[in-house]
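One structure is given below, encoded as structure tokens.
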Amino acid sequence: MTEISILNDVQKIIVLDYGSQYNQLIARRIREFGVFSELKSHKITAQELREINPIGIVLSGGPNSVYADNAFGIDPEIFELGIPILGICYGMQLITHKLGGKVVPAGQAGNREYGQSTLHLRETSKLFSGTPQEQLVLMSHGDAVTEIPEGFHLVGDSNDCPYAAIENTEKNLYGIQFHPEVRHSVYGNDILKNFAISICGARGDWSMDNFIDMEIAKIRETVGDRKVLLGLSGGVDSSVVGVLLQKAIGDQLTCIFVDHGLLRKDEGDQVMGMLGGKFGLNIIRVDASKRFLDLLADVEDPEKKRKIIGNEFVYVFDDEASKLKGVDFLAQGTLYTDIIESGTETAQTIKSHHNVGGLPEDMQFELIEPLNTLFKDEVRALGIALGMPEEIVWRQPFPGPGLAIRVMGPITEEKLETVRESDAILREEIAKAGLDRDVWQYFTVNTGVRSVGVMGDGRTYDYTIAIRAITSIDGMTADFAQLPWDVLKKISTRIVNEVDHVNRIVYDITSKPPATVEWE
């Protein structure tokens, strides 16, 4: 069965991408209700949507103005498909603009709204069923609807937005000016669920088992009888990709585990034991540490580090592939959060990602990225559904560039060793405290900063290690973890006493945004 035929058997809601950094959160929330959802380009045609056969369509938010010359549009025939449509922020303005209403800069109609506002519901609506008449929502718009199209009526407003929710139930068209996909909209999940279940008629029966079936069909259709290389990093993502690919294509998969000298403590042996031994993956272990470290010598800029490592990874694969003969595909554990941070067709780039854009233009492989529509928590759920043990599935995330982006400034063996040893202590103490499932991600960073200290009767001038620990639901936003003081004290004491060339520990208390999870 092909991917298309499997998809035709699965109810789905399509999200059209108009450029918000958080668009995938819409699809993410809908999938939480047991409904398959994914992003498609706003350039999609009505005919293409007919072939996909969704039960609902969401028009996402975005940074543009609908009346601008370069505004992202929509095939007008989509409004005639008879499929329920929900417009969010820019999406609502687009519906209004295209169907005869009026959108103007917010200064001409009221005030711009950025942050939480109170939504006042003026009429009952299926979309808001089970939610209070007044509720906090996240607004983020510079334009406003001042006249709604014929056939629409007002459902809700805010103090500064005369049309915060509108609908045309006859045509199954709904618009909201706020963002239900973010947690700051207190009843946002209820609103999206009402759209998916009550309005679109979703059964809510999609699961990771469905995803596995679809991806296996897609992989088999793409690969055929050809061969695939997978680069194992030791992290959760590449491990899950390896097990999924083996399930799909068996011995057509060869895994290359590159020891680039930037791994965590004992990482290499653990990877070989877990995936090579327990799961029987065909793994070639390559010691390329000198090759990588020579190239990274004296490199300070994090983007250069990422590009060098991304390029060299592929060159190592190319060398190994030439020995294997006939390898056509390179598999990667790219997640959707990686793509968002690296920018999409409509969204801006925050930083290049180690699995996105770090590859040379003359790469000799086609890419396979089975996880690129998933968030981290979904990858863990996928691993469990594939029968993987919890010690692999709940392994701490590890970036492709390894410790290179956890060492600030030029990379040296001494700095790497401080991070390896301090990170091992951190992970051990977090587990002992029973916090390893509560804290989303945690690791240490060599800040590159030296400071004066006293050990015994002597003066020291050694490195400062930063501890980074965060809580999150999907990795798109995060808060610093409020670790117990006694746990932090024990971690700090152990690192300073057990790790050479370290005399100071600091704790990173920055959320995402404004910071990213990794320091580089």
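Yeah, the Cβs are placed from backbone N, Cα and C, and that goes for glycine too.
Keep in mind that this is a model prediction, so the values were computed, not measured.
According to Swiss-Prot, the features are:
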type	residues	note
DOMAIN	12-205	domain 'Glutamine amidotransferase type-1'
ACT_SITE	CYS89	active site, nucleophile
ACT_SITE	HIS179	active site
ACT_SITE	GLU181	active site
DOMAIN	206-395	domain 'GMPS ATP-PPase'
BINDING	SER233, GLY234, GLY235, VAL236, ASP237, SER238, SER239	ATP binding site
Q.
So if I draw a 10 Å sphere around the Cβ of VAL236 (ATP binding site), how many other Cβ atoms end up inside it?
A. 24
Q | List of residues, in chain order, with Cβ under 8 A from that of CYS89 (active site, nucleophile) and at least 6 apart | A | SER20, SER60, GLY61, GLY62, SER140, HIS141, ILE176, GLN177, PHE178, HIS179
Q. If you count Cβ atoms within 10 Å of the Cβ of GLU181 (active site), leaving out that atom itself, what do you get?
A. 27
**Q.** Number of Cβ atoms other than its own within 10 Å, given for SER239 (ATP binding site)
**A.** 26
Q) Given the recorded ATP site (SER233, GLY234, GLY235, VAL236, ASP237, SER238, SER239), which additional residues of the same chain have their Cβ within 8 Å of the Cβ centre, ordered by sequence? A) LEU232, VAL240, VAL241, GLY333, ARG395, PRO397, PHE398
Q: Go through SER233, SER238, our binding-site residues, and report the one whose Cβ sees the most other Cβ atoms within 10 Å.
A: SER233
Q: Round to a whole number and give the Cα-to-Cα distance in Å for the pair ASP237 (ATP binding site) and GLU181 (active site).
A: 25
Q) Over all shown protein chains, what is the count of other CB atoms within 10 A of the CB belonging to GLY235 (ATP binding site)? A) 21
(Q) At a 10 A cut-off on CB-CB distances, which of the recorded positions HIS179, GLY234, ASP237 has the highest count? (A) ASP237
Q: Reduce the DSSP letter at GLY234 (ATP binding site) to three states and note it down.
A: coil
